[in-house]
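Features as listed in Swiss-Prot:
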DOMAIN    8-198  domain 'Glutamine amidotransferase type-1'
ACT_SITE  CYS85  active site, nucleophile
ACT_SITE  HIS172  active site
ACT_SITE  GLU174  active site
DOMAIN    199-390  domain 'GMPS ATP-PPase'
BINDING   SER226, GLY227, GLY228, VAL229, ASP230, SER231, SER232  ATP binding site
Amino acid sequence: MQVTNHETIVVLDFGGQYNQLITRRIRDLGVYSELHSHKLTADELKEMNPIGIIFSGGPNSAYVEGSPKCDPAIYDLGIPILGICYGVQLMTHHFGGKVDKASHREYGKALLNVENQSPLFKGLPIEQTVWMSHGDKIVAPPEGFTVDASNPSCPVAAMSDESRNLYGVQFHPEVRHSEFGNDLLKNFAFDICGAKGDWSMENFIEEEIKKIREQVGDRHVLCALSGGVDSSVVAVLIHKAIGDQLTCMFIDHGLLRKGEAESVMETFTQGFNMNVVKIDASERFLTKLKGVTDPEQKRKIIGNEFIYVFDEESAKLKDKKMDFLAQGTLYTDIIESGTDTAQTIKSHHNVGGLPEDMAFELIEPLNALFKDEVRALGTELGIPDEIVWRQPFPGPGLGIRVLGEITDEKLKIVRESDAILREEIKKAGLDREIWQYFTALPNMRSVGVMGDTRTYDYTVGIRAVTSIDGMTSDWARIPWDVLEIISTRIVNEVEHVNRIVYDITSKPPSTIEWE
């Protein structure tokens, strides 16, 4: 549980798919927000001193025994509460209203009619499009609550009890399909909770530098530098805080993109004047990964080997004892590794792949930030655009973009095909429009014909998505002529490839990475 000096709106997690988006939208307004378990007690919440509380959506029915509930004492704290979807149903059930199964599930865009201009709907149109996703509905609001909005299939689409600062909506204002959703959240944060908006990257830098100095003291930090956005921002931020007390270790695990190792060393040793130690451990990693096909096992092996290499190599730094290991763990990494009400999507390389007996204390200065906030932080720190906007690259590297067993041949295919993809996307001027793009190698071959000869070679998959924060994403609509150029080049320039496929699934149901 984090306690912050910023005015904070706490989101209680009841297991809904959009919970992280609520947190992100509130931060977009300049108000700090955190996602916490619904099991948080009233005393724990009070200790955090939030200016507002949001109950998230969730897949359960509030009237069913055993469904997630919050500490009832939370309602007595006097802090404004906004219930969203399951959150408003939970509030209704608690205060004696009636929630029942809807005759049909309402999912998608719906027209909302605002009947009462409560503070939540201040300045908003009487008719507006919202995003619904629910199988239950409120049949009767609790005593003391006013119905603020409805539609034909949802008689209580919004309700409020202004005297107790309790508000609820059946729709999802955090989803961009709700056309005035951001305005509604702004009304809650500023007009109802009294926020002033004191969350910014400039403030974050000042506070984080102070925290790093207090945590580290006169000791030393070893930073796992990969050259990706996250580790680069971590390195520059910590270097700004403690200077030469930071040593960056760049481990080439043999799973890097084309030209990555050379680029990293040049950028950070010459551009930022940092102490960077390069370790070539590619043979060691690939030996450990030989014959391994399970993606979770691959992640664990890579995570463990990283720490073991750090342990061994830091011991060789005779003049400095390394006490801390810095990581670029993000808020999304922590969320995706599972909460009380959500299943683990995948063990994250910065969260679930660490051995329990490691010899370092962790320092993770970005673990409260989303990816786009990290980019903004990088810009604020003066990091060049080519690094800030570098394609996101996972800690396990190409190890999770080669599905199945990892071999030198497969790595070469992914490395070369990915370089072509990145080159052509940049040529087409799409590199800032597309959130993330890469190639992956499915564990499959297919029949083809090249030069009048039958081939039986690999298929390369292209993944490209648009997103704002990486919590949800849609597949990118790359122009056909650009895709044609990419496909033609890969098949002609990369050996042992005879087929290209394009991944057109969103997140959810898929994750961005294939493993």
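Placed from the backbone N, Cα and C atoms, the Cβ positions cover glycine too.
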Proximal residue to SER232 (ATP binding site) among active-site residues CYS85, HIS172, GLU174 (C-alpha distance): GLU174
In whole Å, how far is GLU174 (active site) from GLY228 (ATP binding site) when you measure between their Cα atoms? 29
Say you check the Cα of SER226 (ATP binding site) against those of the active-site residues CYS85, HIS172, GLU174; which is nearest? GLU174
Looking at Cβ-Cβ distances, which residues of the chain lie under 8 angstroms from GLU174 (active site) while being 6 or more apart from it? TYR18, LEU21, ILE22, ARG24, ARG25, ILE84, GLY181, LEU185
Of the recorded positions listed as CYS85, GLY227, VAL229, ASP230, SER231, the one whose CA lies nearest the CA of HIS172 (active site): CYS85
Determine, for the ATP site, the additional residues of the same chain whose CB lies within 8 Å of the mean position of the CB atoms of SER226, GLY227, GLY228, VAL229, ASP230, SER231, SER232; present them in sequence order. LEU225, VAL233, VAL234, GLY328, ILE387, ARG390, PHE393
May I ask which residues of the same chain, at least 6 positions away in sequence, place their Cβ under 8 angstroms from the Cβ of GLY227 (ATP binding site)? PHE250, GLU260, SER263, VAL264, THR267, PHE268, ILE387, ARG390, PHE393
If I restrict to non-local contacts, at least six residues apart, and a C-beta distance under 8 angstroms, what lies near SER231 (ATP binding site) in its own chain? CYS223, ALA224, LEU225, GLN327, GLY328
Sparsest Cβ environment (other Cβ within 10 Å) among binding-site residues SER226, SER232 belongs to SER226
Integer Cα-Cα distance in angstrom, the residue listed as 'active site, nucleophile' to VAL229 (ATP binding site): 35
Quick note, VAL229 (ATP binding site): same-chain residues at least 6 apart with CB under 8 Å of its CB -> GLY328, LYS371, VAL374, ARG375, GLY378, ILE387, VAL388, TRP389, ARG390, PRO392
Measuring CB to CB from ASP230 (ATP binding site), give everything in the same chain under 8 Å that is also at least six residues away in sequence. GLY328, THR329, LEU330, LEU366, LYS371, VAL374, PRO392
